[in-house]
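Below: the structure, in structure tokens.
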């Protein structure tokens, strides 16, 4: 009732009729606010949100990529390791086989060498022996003839040409000695 | 009318408070019958200035990992963006989020002046300001609808509900009335009336206390009760302030959503 009275008489104000001056002021002020906030603030917030999303998703993606790469590398290393192991085994086998071959070779060579040395020794010995025997035979013949000459008193040197006698004797000695 | 006369005679606010208590004197030029620069318009400029300074200062140098202030500014925007714009309109609501946030902040802060000491009246208790915001919302949702669907299809969508033909003669006028005529008024009046009534209530209980005290010293305990009520009502007013800012923004979003919807 007071409201009506105010409207009717004393009050110049009607609260549901806007004052045009306030409409102007409010419009300008709100326009300024909208301009500044919608142009300089909220788009940047949206950008920041986006950057944040990118950063997080990018981080996840990077981590996934790194994980995948790591797995791939691990597989690769495993494969390489297995390969290296088989290679090593093969090399070891080869080496063992080679070593065996070389050992056989060396043994064979050594045997051959020793045989050769023994043979050479034997040959040398035989040659020596033959020489000695020949020299001895000549010397023993001469000595025997000399001794015989002294005992007989005459030179049997001429007879020495009948060397066959001495030789025969020696041969007989040899054969008995050898026996 | 005696109260009024007393007020004028004593040069102080009388009881009961009147509509005139909402119309404050001109500050510049002082004491003249001008309304270009009153406490009300000053508060509007202060609200605009505070919001601009707050957001520019907190968002001058945005970091990926926010500082506390930046986080606060972001959560205001994030609240309106996610809980109003995206919730009501869907994914395409993001492009309206900047306006909705501006609207929400402006209404919230100008409402909040109703209970901030020394301001203690909301500019929104003058219908001019809610009316501006309501007209912007009205123009916005109609513009969006016409832009999306074209003029004819938009009005067909808005006016013709999916109903049997024989009920349409009844429904079309109702739709026309509710969508294109009532909406801006209901938006503006809802906000204005809430803030007007809130201020009036606080005035009644505050001035009532003084009135009773001056009428009879024995009424002092009742005066104290009246002032306690004022404090209680200030809390209620705080609730109304937040709620009305939220409701205004949500309704605007809802109108935009309705304009964008393909079917009725």
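The backbone N, Cα and C atoms fix where each Cβ goes, and this holds for glycine too.
The transmembrane segment annotation in TrEMBL covers B:35-59 (among others).
Remote same-chain residues near the transmembrane segment (B:96-121) are listed as 22, 24, 39-40, 43-44, 47-48, 50-51, 76-77, 80-81, 84-86, 89, 129, 133, 136-137, 140, 191, 195, 198-199, 202, 234, 237-238, 240-242, 244-246, 248-249, 252-253, 256 (criterion: CB distance under 8 Å, separation of at least six residues from the stretch ends). The transmembrane segment feature in TrEMBL is assigned to B:96-121 (among others).
Positions annotated as transmembrane segment by TrEMBL: B:127-144 (among others). Counting only same-chain residues 6+ beyond the ends of the transmembrane segment (B:127-144), those with a CB under 8 A from a CB of the stretch are 44, 99, 103, 106-107, 110, 154, 180, 183-185, 187-192, 195, 248, 251-252, 255-256, 258-260.
Feature annotation from TrEMBL assigns transmembrane segment to B:165-185 (among others).
Tertiary neighbourhood of the transmembrane segment (B:191-213): same-chain residues 13-17, 21-22, 107, 111, 114, 120-122, 124-127, 130-131, 133-134, 219-220, 222-224, 226-227, 229-230, 233-234, 236-237, 240-241, 244, 248, selected by CB-CB distance under 8 Å and a gap of 6+ residues from either end. According to TrEMBL, the feature transmembrane segment maps to B:191-213 (among others).
For B:225-247 (among others), the entry in TrEMBL reads transmembrane segment. Sequence-distant contacts of the transmembrane segment (B:225-247) (same chain, at least 6 residues past either end, Cβ-Cβ under 8 Å): 84, 104, 107-108, 111-112, 114-115, 122, 124, 190-191, 194-195, 198, 201-202, 205-206, 208-209, 212.
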